[in-house]
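Inspection log for the structure reproduced underneath, given as structure tokens.
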Amino acid sequence: MNFVTAGFVPIDEDSSKSGPEPLSAPQEVHHAIRTLLRWTGDDPDREGLRDTPARVTRAWKEYCNGYEIDPATYLSRTFDEVGGYDEIVLLRDIPFQSHCEHHLAPITGTASIAYLPKDRVVGISKLARVLNGYARRLQVQERLTAQIADCIWNNLKPHGVAVIIKASHGCMTGRGVRTHGVTMMTSKMLGCFRDDPTSRREIMTLMQSQ
Ligand SMILES: Nc1nc2c(ncn2[C@@H]2O[C@H](COP(=O)(O)OP(=O)(O)OP(=O)(O)O)[C@@H](O)[C@H]2O)c(=O)[nH]1
Ligand SMILES: [Zn+2]
């Protein structure tokens with residue numbers, strides 16, 4: 001896996017394919033934003049818009065700073081001394097923001113992330129960090145859900161992982177079909193939460209109880 005540190009180029013999970021070179025000069029991005037401003041019909045040189053290309057460049061660097069991070073590194077520090085605890089660990093309703101790769105519109109929602117540890121547990125904040133590491137990229141919700149689950153599965157090697165995401169898509173509210181109040185739900189279950197009906201029922205109850 002390769003990581004881009006100076007641009008907005010998505011990481012291709014298949015490292016055998018090389019993507020375009022990242023943009024290192026913010027000037028190129030400023031120029032693109034100026035073009036967009038002109039294209040809307042406004043004047044990029046009027047006072048209110050003069051600094052907008054620089055602001056938008058900084059903002060998008062922040063929205064997409066997940067490309068600078070391998071979320072797996074958040075899971076490298078684990079604790080194996082947890083006093084015999086061998087039940088589900090669940091972090092529920094973690095708020096996040098991402099952007100859809102089709103329209104660059106915001107995806108706003110919450111994620112619930114759980115795992116059933118085998119030997120190792122991780123500091124609980126790290127689950128939210130893994131979420132943000134993948135959310136702060138251009139995404140579709142299905143891939144975001146799968147990436148979080150796979151990352152925990154591959155790095156903590158637990159008995160099971162469950163991820164449920166509920167989100168609203170700006171591309172469906174602010175434009176296009178303009179359907180407000182709709183939530184998209186996605187889930188990915190691995191290990192016992194996928195294969196064992198009792199574990200699956202237990203995690204679904206915990207994730208959805210009030
Ligand atoms: N499955 C999935 N679809 C998404 C996600 N985010 C946005 N989309 C959809 O991606 C689709 C892109 O469809 P296109 O027909 O190529 O684009 P479009 O003409 O702008 O589509 P409309 O949104 O229907 O106007 C739309 O149906 C979006 O609702 C996501 O996370 N998952
Ligand atoms: Zn979209």
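Any Cβ shown, glycine's included, is placed from N, Cα and C.
Among the candidates C171, C192, the residue that TrEMBL names alongside C100, H103 for the Zn(2+) site is C171. Note on TrEMBL: of 1-25, 26-50, the range annotated with the feature region 'Disordered' is 1-25.
For H103 (Zn(2+) binding site), applying a Cβ distance below 8 Å and a minimum sequence separation of six or more within one chain yields G170, C171, R175, G176.
Cβ neighbour count for C100 (Zn(2+) binding site) (all protein chains, 10 Å cutoff from its Cβ): 18. Take the mean position of the Cβ atoms of C100, H103, C171, the recorded Zn(2+) site; other residues of that chain with a Cβ within 8 Å of it are H99, E101, H102, L104, A105, I107, H169, G170, M172, R175. Packing around C171 (Zn(2+) binding site) is summarised by its Cβ count: 16 other Cβ atoms lie within 10 angstroms of its Cβ, all protein chains included.
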